[in-house]
(Lines of atoms letter the chains of each structure in order from A and count residues from 1; the text may use other names and numbers.)
(Lines give C-alpha, C1' and ligand atoms only; values in the text may rest on other atoms or scores of the structure.)
Protein backbone atom coordinates (compact mmCIF):
# COMPACT_ATOMS: atom_id res chain seq x y z
CA UNK A 1 0.00 0.00 0.00
CA UNK A 2 1.41 3.39 -0.97
CA UNK A 3 1.96 6.06 1.66
CA UNK A 4 3.66 9.42 2.16
CA UNK A 5 6.54 9.55 4.63
CA UNK A 6 6.30 12.67 6.81
CA UNK A 7 8.76 13.59 9.56
CA UNK A 8 6.21 12.30 12.10
CA UNK A 9 5.57 9.02 10.29
CA UNK A 10 3.71 7.52 7.35
CA UNK A 11 0.29 8.83 6.32
CA UNK A 12 -2.10 7.93 3.53
CA UNK A 13 -1.79 10.29 0.52
CA UNK A 14 -5.36 11.58 0.92
CA UNK A 15 -4.40 13.22 4.25
CA UNK A 16 -1.89 15.63 2.69
CA UNK A 17 -4.43 18.24 1.62
CA UNK A 18 -3.19 21.33 -0.19
CA UNK A 19 0.56 20.92 -0.54
CA UNK A 20 3.46 23.28 -1.23
CA UNK A 21 6.00 21.13 -3.05
CA UNK A 22 9.12 23.31 -2.80
CA UNK A 23 9.80 25.32 0.34
CA UNK A 24 12.43 25.89 3.02
CA UNK A 25 11.80 26.70 6.68
CA UNK A 26 15.48 26.83 7.69
CA UNK A 27 18.67 26.76 5.63
CA UNK A 28 22.03 28.46 5.10
CA UNK A 29 22.01 30.45 1.84
CA UNK A 30 25.12 32.54 2.53
CA UNK A 31 27.03 30.94 -0.34
CA UNK A 32 24.86 33.00 -2.71
CA UNK A 33 25.61 36.34 -1.07
CA UNK A 34 26.40 39.05 -3.62
CA UNK A 35 28.28 42.27 -2.72
CA UNK A 36 25.85 45.21 -2.66
CA UNK A 37 25.96 48.07 -5.17
CA UNK A 38 28.23 50.80 -3.83
CA UNK A 39 25.40 53.35 -3.74
CA UNK A 40 23.31 51.17 -1.39
CA UNK A 41 26.03 49.46 0.63
CA UNK A 42 25.12 51.03 3.98
CA UNK A 43 21.41 50.27 3.55
CA UNK A 44 22.05 46.63 2.68
CA UNK A 45 24.50 46.16 5.56
CA UNK A 46 21.98 47.57 8.04
CA UNK A 47 19.41 45.48 9.89
CA UNK A 48 16.30 44.82 7.82
CA UNK A 49 13.67 47.46 8.66
CA UNK A 50 10.98 49.50 6.95
CA UNK A 51 13.63 52.01 5.87
CA UNK A 52 15.86 49.34 4.26
CA UNK A 53 13.27 46.82 3.03
CA UNK A 54 12.99 48.43 -0.41
CA UNK A 55 16.70 47.89 -1.02
CA UNK A 56 16.52 44.31 0.24
CA UNK A 57 13.63 43.53 -2.09
CA UNK A 58 15.66 44.78 -5.06
CA UNK A 59 18.93 43.15 -3.97
CA UNK A 60 17.88 40.24 -1.71
CA UNK A 61 21.20 38.42 -1.97
CA UNK A 62 23.22 41.49 -0.96
CA UNK A 63 21.95 41.53 2.62
CA UNK A 64 23.85 39.08 4.82
CA UNK A 65 21.03 39.14 7.34
CA UNK A 66 18.57 38.18 4.61
CA UNK A 67 20.45 35.07 3.46
CA UNK A 68 21.02 33.86 7.04
CA UNK A 69 17.78 31.92 7.05
CA UNK A 70 18.69 29.87 10.12
CA UNK A 71 19.01 32.12 13.18
CA UNK A 72 16.45 32.34 15.99
CA UNK A 73 14.68 35.31 14.41
CA UNK A 74 14.29 33.44 11.13
CA UNK A 75 12.98 30.30 12.84
CA UNK A 76 10.43 32.28 14.84
CA UNK A 77 9.27 34.10 11.70
CA UNK A 78 9.03 30.85 9.73
CA UNK A 79 6.92 29.23 12.44
CA UNK A 80 4.57 32.22 12.46
CA UNK A 81 4.09 31.88 8.70
CA UNK A 82 3.56 28.11 8.82
CA UNK A 83 0.73 28.78 11.28
CA UNK A 84 -0.72 31.35 8.85
CA UNK A 85 -0.46 28.77 6.08
CA UNK A 86 -2.40 26.31 8.24
CA UNK A 87 -5.00 28.97 9.08
CA UNK A 88 -5.61 29.65 5.38
CA UNK A 89 -6.15 26.02 4.42
CA UNK A 90 -2.65 24.64 3.95
CA UNK A 91 -2.13 20.98 4.68
CA UNK A 92 1.45 19.99 3.89
CA UNK A 93 4.87 21.45 3.09
CA UNK A 94 7.68 19.66 1.26
CA UNK A 95 10.96 20.91 2.80
CA UNK A 96 13.65 20.82 0.12
CA UNK A 97 16.78 21.57 2.19
CA UNK A 98 19.30 18.86 1.30
CA UNK A 99 22.93 18.12 2.20
CA UNK A 100 24.97 21.30 1.79
CA UNK A 101 22.20 23.66 2.90
CA UNK A 102 22.50 22.81 6.62
CA UNK A 103 18.98 21.44 6.91
CA UNK A 104 17.54 21.80 10.44
CA UNK A 105 15.63 18.54 10.77
CA UNK A 106 15.04 19.05 14.50
CA UNK A 107 13.24 22.33 13.77
CA UNK A 108 11.19 20.74 10.98
CA UNK A 109 10.00 18.04 13.39
CA UNK A 110 9.14 20.68 16.00
CA UNK A 111 7.14 22.63 13.41
CA UNK A 112 5.19 19.55 12.38
CA UNK A 113 4.30 18.82 16.00
CA UNK A 114 3.40 22.38 16.98
CA UNK A 115 1.52 23.53 13.87
CA UNK A 116 -0.32 20.43 12.66
CA UNK A 117 1.09 20.89 9.15
CA UNK A 118 2.51 17.74 7.56
CA UNK A 119 6.21 18.13 6.68
CA UNK A 120 8.05 15.93 4.21
CA UNK A 121 11.85 16.17 4.48
CA UNK A 122 14.28 15.50 1.66
CA UNK A 123 17.62 13.78 1.34
CA UNK A 124 20.09 14.23 -1.54
CA UNK A 125 22.83 16.75 -2.28
CA UNK A 126 22.84 20.42 -3.25
CA UNK A 127 25.57 21.81 -5.56
CA UNK A 128 29.18 20.70 -5.09
CA UNK A 129 30.37 24.15 -3.97
CA UNK A 130 28.47 24.01 -0.65
CA UNK A 131 29.51 20.48 0.38
CA UNK A 132 31.93 19.83 3.22
CA UNK A 133 34.88 17.50 2.71
CA UNK A 134 33.09 14.45 4.10
CA UNK A 135 30.39 14.69 1.44
CA UNK A 136 32.40 16.12 -1.48
CA UNK A 137 34.35 12.87 -1.83
CA UNK A 138 31.36 10.50 -1.80
CA UNK A 139 31.06 7.95 -4.61
CA UNK A 140 27.81 7.09 -6.38
CA UNK A 141 27.56 3.94 -4.27
CA UNK A 142 28.08 5.86 -1.03
CA UNK A 143 25.49 8.44 -2.03
CA UNK A 144 23.02 5.67 -2.86
CA UNK A 145 23.61 4.06 0.53
CA UNK A 146 23.11 7.41 2.30
CA UNK A 147 19.84 8.22 0.51
CA UNK A 148 18.52 4.72 1.15
CA UNK A 149 19.35 4.96 4.86
CA UNK A 150 17.71 8.38 5.19
CA UNK A 151 14.50 7.09 3.61
CA UNK A 152 14.22 3.55 5.01
CA UNK A 153 15.92 3.89 8.42
CA UNK A 154 15.89 7.60 9.09
CA UNK A 155 18.05 10.10 10.95
CA UNK A 156 18.17 10.14 14.74
CA UNK A 157 16.62 13.27 16.24
CA UNK A 158 16.33 13.36 20.05
CA UNK A 159 16.35 9.58 20.28
CA UNK A 160 13.79 9.01 17.52
CA UNK A 161 14.36 8.05 13.91
CA UNK A 162 13.00 10.62 11.44
CA UNK A 163 12.62 9.40 7.87
CA UNK A 164 12.99 11.44 4.69
CA UNK A 165 10.09 11.20 2.26
CA UNK A 166 11.77 12.04 -1.06
CA UNK A 167 15.14 12.80 -2.64
CA UNK A 168 15.62 16.53 -3.11
CA UNK A 169 16.43 19.08 -3.85
CA UNK A 170 19.19 17.56 -5.92
CA UNK A 171 21.01 20.58 -7.33
CA UNK A 172 23.57 21.17 -10.06
CA UNK A 173 25.43 23.94 -11.86
CA UNK A 174 25.99 24.07 -15.63
CA UNK A 175 27.89 22.41 -17.12
CA UNK A 176 27.09 19.80 -14.50
CA UNK A 177 29.97 19.17 -12.08
CA UNK A 178 31.21 15.58 -11.70
CA UNK A 179 30.04 15.45 -8.06
CA UNK A 180 26.58 16.54 -9.18
CA UNK A 181 26.51 13.97 -11.98
CA UNK A 182 27.16 11.34 -9.33
CA UNK A 183 24.36 12.64 -7.11
CA UNK A 184 21.93 12.61 -10.06
CA UNK A 185 22.97 9.07 -10.96
CA UNK A 186 22.60 7.90 -7.35
CA UNK A 187 19.18 9.54 -7.23
CA UNK A 188 18.06 7.68 -10.35
CA UNK A 189 19.36 4.35 -9.07
CA UNK A 190 17.63 4.63 -5.70
CA UNK A 191 14.41 5.99 -7.17
CA UNK A 192 14.18 2.90 -9.37
CA UNK A 193 14.55 0.65 -6.31
CA UNK A 194 12.39 2.53 -3.78
CA UNK A 195 9.85 4.26 -6.03
CA UNK A 196 10.09 7.52 -4.08
CA UNK A 197 9.63 11.04 -5.40
CA UNK A 198 12.59 13.12 -6.61
CA UNK A 199 13.06 16.89 -7.02
CA UNK A 200 15.79 18.50 -9.13
CA UNK A 201 17.18 22.04 -9.01
CA UNK A 202 18.56 22.90 -12.47
CA UNK A 203 21.08 25.64 -13.13
CA UNK A 204 19.91 28.85 -14.79
CA UNK A 205 20.46 27.57 -18.33
CA UNK A 206 17.76 26.33 -20.71
CA UNK A 207 19.68 23.14 -21.47
CA UNK A 208 20.22 22.21 -17.82
CA UNK A 209 16.83 20.49 -17.16
CA UNK A 210 17.25 18.30 -20.24
CA UNK A 211 20.78 17.21 -19.29
CA UNK A 212 19.63 16.37 -15.76
CA UNK A 213 16.76 14.26 -17.08
CA UNK A 214 19.09 12.38 -19.42
CA UNK A 215 21.43 11.42 -16.57
CA UNK A 216 18.54 10.53 -14.27
CA UNK A 217 16.72 8.38 -16.82
CA UNK A 218 19.93 6.62 -17.88
CA UNK A 219 20.47 5.68 -14.22
CA UNK A 220 17.04 4.04 -14.08
CA UNK A 221 14.90 6.77 -12.50
CA UNK A 222 11.22 7.02 -13.41
CA UNK A 223 10.29 10.31 -15.06
CA UNK A 224 6.78 10.16 -13.59
CA UNK A 225 8.18 10.51 -10.05
CA UNK A 226 10.50 13.40 -10.90
CA UNK A 227 9.95 17.14 -10.39
CA UNK A 228 11.92 19.76 -12.31
CA UNK A 229 11.98 22.86 -10.11
CA UNK A 230 12.43 26.59 -10.77
CA UNK A 231 11.16 26.52 -14.34
CA UNK A 232 9.83 30.07 -13.97
CA UNK A 233 13.47 31.29 -14.06
CA UNK A 234 14.87 28.66 -16.43
CA UNK A 235 12.53 28.01 -19.38
CA UNK A 236 10.69 31.08 -20.63
CA UNK A 237 8.99 29.71 -23.75
CA UNK A 238 5.93 27.47 -23.67
CA UNK A 239 7.49 25.39 -26.45
CA UNK A 240 10.48 24.61 -24.20
CA UNK A 241 8.19 23.58 -21.35
CA UNK A 242 6.14 21.32 -23.60
CA UNK A 243 9.35 19.73 -24.90
CA UNK A 244 10.50 19.04 -21.33
CA UNK A 245 7.10 17.61 -20.43
CA UNK A 246 7.52 15.02 -23.18
CA UNK A 247 10.20 13.43 -20.99
CA UNK A 248 7.48 12.76 -18.40
CA UNK A 249 8.53 14.87 -15.41
CA UNK A 250 6.46 17.30 -13.35
CA UNK A 251 6.83 20.98 -14.32
CA UNK A 252 7.09 23.15 -11.22
CA UNK A 253 6.47 26.88 -10.97
CA UNK A 254 7.86 27.53 -7.51
CA UNK A 255 8.82 31.19 -7.28
CA UNK A 256 5.35 32.61 -6.67
CA UNK A 257 5.65 35.82 -4.69
CA UNK A 258 8.93 36.83 -6.36
CA UNK A 259 7.86 40.01 -8.14
CA UNK A 260 11.22 41.74 -8.67
CA UNK A 261 12.20 41.50 -12.35
CA UNK A 262 15.91 42.08 -11.59
CA UNK A 263 17.29 38.61 -10.86
CA UNK A 264 20.64 38.84 -9.09
CA UNK A 265 21.54 35.18 -9.67
CA UNK A 266 21.19 35.55 -13.44
CA UNK A 267 21.23 39.16 -14.56
CA UNK A 268 20.92 38.15 -18.22
CA UNK A 269 17.21 37.43 -17.81
CA UNK A 270 14.22 39.18 -16.26
CA UNK A 271 12.33 37.30 -13.56
CA UNK A 272 8.70 36.84 -14.55
CA UNK A 273 5.80 38.09 -12.41
CA UNK A 274 3.03 36.19 -10.66
CA UNK A 275 0.69 37.31 -13.44
CA UNK A 276 2.98 35.72 -16.03
CA UNK A 277 3.25 32.56 -13.92
CA UNK A 278 -0.53 32.26 -13.87
CA UNK A 279 -0.70 32.91 -17.62
CA UNK A 280 1.91 30.24 -18.35
CA UNK A 281 0.21 27.66 -16.14
CA UNK A 282 -3.06 28.30 -17.96
CA UNK A 283 -1.30 27.79 -21.30
CA UNK A 284 0.19 24.53 -20.05
CA UNK A 285 -3.26 23.39 -18.92
CA UNK A 286 -4.49 24.10 -22.46
CA UNK A 287 -1.63 21.90 -23.70
CA UNK A 288 -3.11 19.01 -21.72
CA UNK A 289 -0.46 19.04 -18.99
CA UNK A 290 -2.68 19.58 -15.94
CA UNK A 291 -1.57 16.33 -14.31
CA UNK A 292 2.12 17.37 -14.53
CA UNK A 293 1.94 20.84 -12.91
CA UNK A 294 3.00 21.91 -9.40
CA UNK A 295 3.08 25.26 -7.56
CA UNK A 296 5.14 26.66 -4.68
CA UNK A 297 7.15 29.70 -3.44
CA UNK A 298 10.69 28.42 -2.68
CA UNK A 299 11.00 30.76 0.30
CA UNK A 300 14.69 30.84 1.26
CA UNK A 301 15.36 34.41 2.41
CA UNK A 302 13.94 36.33 5.36
CA UNK A 303 12.40 39.16 3.35
CA UNK A 304 9.77 36.80 1.96
CA UNK A 305 8.39 36.04 5.43
CA UNK A 306 5.60 38.26 6.78
CA UNK A 307 7.66 39.36 9.81
CA UNK A 308 10.04 40.97 7.32
CA UNK A 309 7.40 42.48 5.04
CA UNK A 310 7.03 39.43 2.79
CA UNK A 311 4.18 37.28 1.51
CA UNK A 312 4.58 34.11 3.57
CA UNK A 313 3.76 30.49 2.78
CA UNK A 314 0.03 31.26 2.39
CA UNK A 315 0.52 33.58 -0.61
CA UNK A 316 -0.58 31.05 -3.24
CA UNK A 317 -3.70 30.13 -1.31
CA UNK A 318 -4.82 33.65 -0.40
CA UNK A 319 -3.63 35.70 -3.38
CA UNK A 320 -2.85 33.50 -6.39
CA UNK A 321 -5.69 30.97 -6.43
CA UNK A 322 -8.41 33.68 -6.34
CA UNK A 323 -6.74 35.33 -9.35
CA UNK A 324 -6.69 32.00 -11.15
CA UNK A 325 -10.37 31.40 -10.41
CA UNK A 326 -11.17 34.90 -11.71
CA UNK A 327 -9.43 34.03 -15.00
CA UNK A 328 -11.41 30.84 -15.51
CA UNK A 329 -9.31 28.14 -13.86
CA UNK A 330 -11.71 25.68 -12.22
CA UNK A 331 -11.66 24.35 -8.68
CA UNK A 332 -11.07 20.86 -10.07
CA UNK A 333 -7.98 22.08 -11.96
CA UNK A 334 -6.60 23.82 -8.86
CA UNK A 335 -7.21 20.71 -6.75
CA UNK A 336 -5.31 18.67 -9.33
CA UNK A 337 -2.26 20.95 -9.13
CA UNK A 338 -2.23 21.54 -5.37
CA UNK A 339 -3.62 18.29 -3.93
CA UNK A 340 -3.69 15.37 -6.38
CA UNK A 341 -0.40 15.92 -8.21
CA UNK A 342 1.64 16.37 -5.00
CA UNK A 343 0.06 13.24 -3.50
CA UNK A 344 0.80 11.20 -6.62
CA UNK A 345 4.39 12.44 -6.68
CA UNK A 346 5.12 11.81 -2.99
CA UNK A 347 3.39 8.46 -2.46
CA UNK A 348 5.41 5.25 -2.70
CA UNK A 349 5.67 1.77 -1.20
CA UNK A 350 9.30 1.12 -0.19
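Backbone N, Cα and C atoms are what each Cβ position is placed from, and that goes for glycine too.
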Identity of the divalent metal cation 1-site residue among 156, 169 (reference: 22, 24, 298, source: Swiss-Prot): 169
Recorded divalent metal cation 2 site member, picked from 177, 201, 203, that accompanies 169, 230 in Swiss-Prot: 201
Beyond the site residues 22, 24, 169, 298: chain residues whose C-beta lies within 8 Å of the centroid, for divalent metal cation 1: 23, 95, 96, 97, 199, 201, 229, 254, 296, 299, 300
Lowest local Cβ density (other Cβ within 10 Å) among binding-site residues: 22, 24, 201: 24
Number of other Cβ atoms within 10 Å of the Cβ of residue 169 (divalent metal cation 1 binding site) across all protein chains: 26
Cβ-based neighbourhood (8 Å from the centroid) of the divalent metal cation 2 site, residues 169, 201, 230 excluded: 22, 96, 168, 170, 171, 199, 200, 202, 229, 254, 298
Separation of alpha carbons, residue 201 (divalent metal cation 2 binding site) and residue 24 (divalent metal cation 1 binding site) (Å): 13
Number of Cβ atoms other than its own within 10 Å, given for residue 230 (divalent metal cation 2 binding site): 23
